[in-house]
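> Sharing the record's features from Swiss-Prot:
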- 1-47: domain 'Gla' (DOMAIN)
- PRO9: hydroxyproline (MOD_RES)
- GLU17: 4-carboxyglutamate (MOD_RES)
- GLU17: Ca(2+) 1 binding site (BINDING)
- GLU21: 4-carboxyglutamate (MOD_RES)
- GLU21, GLU24: Ca(2+) 2 binding site (BINDING)
- CYS23-CYS29: disulfide bond (DISULFID)
- GLU24: 4-carboxyglutamate (MOD_RES)
- GLU24, ASP30: Ca(2+) 3 binding site (BINDING)
Amino acid sequence: YLDHGLGAPAPYPDPLEPKREVCELNPDCDELADHIGFQEAYRRFYGPV
């Protein structure tokens, strides 16, 4: 393993990240996600994840 000064390797991209951002931009979805989790909140507002 060689360290080229780039820091830690990038984590795998989250395939749900775009949907997570949509939910976070909706105050109601964001609030519900705090209580029941993002995937369930997204499903209630927008349909299947």
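Yeah, the Cβs are placed from backbone N, Cα and C, and that goes for glycine too.
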> Cβ neighbours within 10 Å, counted over all protein chains: which one of the disulfide-bonded residues CYS23, CYS29 has the most?
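Buried the deepest by this measure is CYS23.
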> Taking the Cα atoms as reference points, how far is GLU24 (Ca(2+) 2 binding site) from ASP30 (Ca(2+) 3 binding site) in Å?
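Given the Cα positions, GLU24 (Ca(2+) 2 binding site) is 5 Å from ASP30 (Ca(2+) 3 binding site).
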> Among all chains shown, work out which of the recorded positions GLU21, GLU24, ASP30 has the most CB atoms within 10 A of its CB.
ASP30
> Taking only the recorded positions GLU17, GLU21, CYS23, which one has a CA atom nearest to the CA atom of ASP30 (Ca(2+) 3 binding site)?
CYS23
> For GLU24 (Ca(2+) 2 binding site), what is the secondary structure state per DSSP, taken as helix, strand or coil?
helix
> Fill in the CA-CA distance, GLU17 (4-carboxyglutamate) to CYS29 (disulfide bond), as an integer in Å.
15
